[in-house]
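Working notes for the structure below.
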Amino acid sequence: LIIMSLLETYEQQFGITIAEITSKINQISRISDPDERQSAESQAERLFAEARETLEQLELETRSQPPSIRQKYSTRLQSYTAEQKKLENDFKQAKDFAQRQQQRDELFSSGADDNNYHAASEYRARLLDNTERLERTGRRMEEGLGSVYETERVGRDILADLASQRETLTRSRDKLKSTNQDLGSSSRILGGMMRRVVQNRALLLLILGVMLLVIGAVLYVALKPRTLHIGADSATPTTPTKLPVAPAPVP
């Protein structure tokens, strides 16, 4: 913003100087006194020097800007330079007309004839036309400066909107970063819970396996002695039963 203000300052200085130059050129066209006209010409030359210096400062400052701003002000510099050259040509023509007018006045004061008088009238008419043209140029310059200021105002508004949008995007990005961090923490928490669930399931399976082994061992121990007892009883030999013998019959 400080750089933009400096560029605007140079533009305003150049516009003011150009307006003063236009006014001086109009004065030179109307001044009849040679001393006053020479003073006005000196002032105009000084203003031209100030305008050139301002354009040089503006050009140097423009070179240090980003590409987008440098391109915009380079176009403006070309327009300002062309306008200054045009005013320099107008100033030169105004001085020539003023010198001719002075010569005509001297001829009139020394008793010039009617032909010289008509020629002087023609030169005066041309001088008035040139003065009107300079006035129109000054008005166009003022209108151009008004358009430049309006464009600059619109540019500042656009930059302000872009800055606001940038702040909004920055806040949104910070929120996304915070959300990503929260999601990462949630993912780590869920991962820890899943690991604990797997560990608990493995522990339950281990406990269940141990219980099955214990139950199997208990059943085995409880059923083994009965099986052995039954086997022993079946292995004991049995003695044949002796039947009584009946006595023989007597003859």
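Placement of Cβ uses the backbone N, Cα and C atoms for every residue, glycine included.
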Region 'Disordered' per TrEMBL - which of 63-83, 147-167, 231-251: 231-251
Stretch-averaged pLDDT - the coiled coil (37-90): 88
